Amino acid sequence: MESCNCIEPQWPPDDLLMKYQYISDFFIALAYFSIPLELIYFVKKSAVFPYRWVLVQFGAFIVLCGATHLINLWTFTVHSRTVASVMTTAKVLTAAVSCITALMLVHIIPDLLSVKTRELFLKNKAAELDREMGLIRTQEETGRHVRMLTHEIRSTLDRHTILKTTLVELGRTLALEECALWMPTRTGLELQLSYTLRQQNPVGYTVPIHHPVINQVFSSNRAVKISPNCPVARLRPAGKYMPGEVVAVRVPLLHLSNFHINDWPELSTKRYALMVLMLPSDSARQWHVHELELVEVVADQVAVALSHAAILEESMRARDLLMEQNVALDLARREAETAIRARNDFLAVMNHEMRTPMHAIIALSSLLQETELTPEQRLMVETVLKSSNLLATLINDVLDLSRLEDGSLQLDLGTFNLYAVFREVLNLIKPIASVKKLHVSLNLAPDLPEYAVGDEKRLMQTILNIVGNAVKFSKEGSISITAFVAKLDTLRDSKAPEFLPVLSDNHFYLRVQVKDSGSGINPLDIPKLFTKFAQNQSTGTRNSGGCGLGLAICKRFINLMEGHIWIESEGLGKGCTAILIVKLGMPERVNESKLPYMPKMPTNHGQTAFPGLKVLVMDENGVSRMVTKGLLLHLGCDVTMVGSSDECLRLVSHEHKVVFMDICVPGLDSYGITIRIHEKFTKRHERPLLVALTGNTDKVTKENCMRAGMDGLILKPVSLDKMRSVLTDLLEHRVFFEAI
């Protein structure tokens, strides 16, 4: 007990508690006073905090709380009334600020929580934006690779280069260990290893095209991950590392038949190649989405490049074929032109050579006809003249048909008297008709223009041929010729839909109908009439003469005149009607008389001889020269003959009134001779009249003669009456150009 009473506490319990409270209040006040300093530092550093005044209010609250605890230190001992007043004031202020702060926090805390929510939302959006930016960068990188690969692939249009370049660029871009291309075989039942990245000469492995993995890839247009142990992926040597991931994608093999046009069917089935891409075996790398998209896009670009290459190959083959065809066509054209030139040269030579003896036959026959002959001799001479004229007509028909077929014949357009054409046809045909006792009538409509613009000679030749056929195939009865201006409703022929007449103010269509009471024609034989060298055998006129060229040439002449011709007949023994329509122009002035050649004037039959008329004849052919001399001597002319151009230039003088020259003289051509004669005789009245003798019937010959300054042109053969008419026109009008 005594020992226990000896131990006493150093501090009384109440004093110890007071001591602890005193120390605690001091530290509480110290802690409170440090908080405003920290808040001031935070406000200074946080420039984006939206509630600075709240922090100031909260700092005041803390300061007041600390001041209250600090003042409370003086309350542990006896304190004065002043201390009590200060303590009361501090507590009242602390209570007021505390309530205000509590009330403010009720409104501020939800706002602060929403700010936090927005902050989290913004953070999420920022993260999303970062991901999208990453995707965009990835897509840009993928697009850059695609453009690069596309440029490399399309830098050539060779299929082998395209496929090899694709593998090389994909291997470099995606860092592949191996890349291979399996192509379908010709049978289409297998895929054959055709190109690889690492192997220079890949062995031609084959895999059945109906393998499940291949069907899976071919059925999708996306890149498909396949097993590294698949037959198309077992290209790498076995190693200690796990094989990397393998992706396969189909490559469409586009052909021209794969492109549908309207409702055209697809001619061939779609075929695909297989591209296999392998990642390195010594890494844990996997395929990314953008890499798969890159592979898919490149596969499509390869398909397009291959299609372009196929189209180029097709176009190059077509170009080569077209070039070969063009070469062949050019060769054929050259051969045809050579043949045409050879034919024209042959016809020109034959024309001249045939007309020269014809000139002699007709001229001598006409001279013989002027002598005293027995009736039997006169009949034989007339037969010779008729046969010669028929042969001359045949020669003209053959030459005209030749030029019509090669397109070299052109119409000789000019203003002419249309009434005179019909009257001349009637005058030419009446003597033949009178022998057969046929009545020929001509009916011209009142509205038919007197003058027209066209080819007078071709029109007359056509009408004369048709009327001549009517006379030839009619034994008795009559022949009527009717001409009028065709109206639009009479122009159409249901049997000729290709004939499309067009009326205009400057043109009119002339319709001519020649009706006869002859033997008629079988309607089935009518289409054959316009075929060259074809004759109607059903009429019983096989021996009536002719070669079947007349109507064929007439039809071609009428086609050149933008017209139409046809024949109507009800049958054998019922006669027939030939109808032709031609397009003619209207002259600008009714009294226009400037023709491309001087028309033939009526022959002065009173003057039958030209005594003392000095004439010079230049002809290389001795027979032709003697025949022409005989005609001129019979007409009373004083004739000088020469056989060369030099001799002609030396002998011609102002005493010669007319110079006849063959325009086929060798050496100096006749056009040059004409010019030399013009130079020799500067005064027109002293210069002789220059007349060309020719066997050519083309328009160029006539134009050349007019251009050279010749005063006339005569087509061989020449009869006595024709020579008399030519000399009469030359002496009266000093110009004569025969319509050829």
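Cβ coordinates come from backbone N, Cα and C, glycine included.
In TrEMBL, annotation is done automatically, which means it is predicted and not curated.
Worth saying up front: this structure is predicted, and the values here are computed from it rather than measured.
Summarising the environment of CYS65 (Cu cation binding site), the number of other Cβ atoms within 10 Å of its Cβ, over all protein chains shown, is 21. Marked as Cu cation binding site by TrEMBL: CYS65, HIS69.
Per TrEMBL, the feature ADP binding site maps to ASN469, ALA470, VAL471, LYS472, ASP516, LYS532, LEU551.
Sequence-distant neighbours of LYS716 (ubiquitin cross-link) (same chain, six or more apart, CB under 8 Å from its CB) are ARG355, THR356, MET358, HIS359, SER624, LEU693, THR694, GLY695, listed in sequence order. Residues or ranges marked as ubiquitin cross-link by TrEMBL: LYS716.
Positions annotated as domain 'Histidine kinase' by TrEMBL: 349-586.
Under the heading domain 'Response regulatory', TrEMBL lists 614-731.
Feature annotation from TrEMBL assigns 4-aspartylphosphate to ASP662.
If you look up TrEMBL, you'll see 20-41 (among others) marked as transmembrane segment.
Per TrEMBL, transmembrane segment is recorded for 53-72 (among others).
Under the heading transmembrane segment, TrEMBL lists 92-113 (among others).
Around ALA470 (ADP binding site), a 10 Å sphere centred on its CB holds 26 further CB atoms from the protein chains shown. On the 0 to 100 pLDDT scale, the domain 'Histidine kinase' (349-586) averages 77 in the predicted structure.
Ranked by CA distance from HIS69 (Cu cation binding site), the recorded positions ALA470, VAL471, LYS472, LEU551, ASP662 have LEU551 at the top as the closest. Straight-line distance linking the Cα atoms of LEU551 (ADP binding site) and ASP662 (4-aspartylphosphate), rounded to a whole number, equals 32 Å. In terms of local Cβ density within 10 Å, HIS69 ranks first among the binding-site residues HIS69, LYS472. Using a 10 Å radius centred on the Cβ of ASN469 (ADP binding site) and all shown protein chains, the other Cβ atoms total 22.
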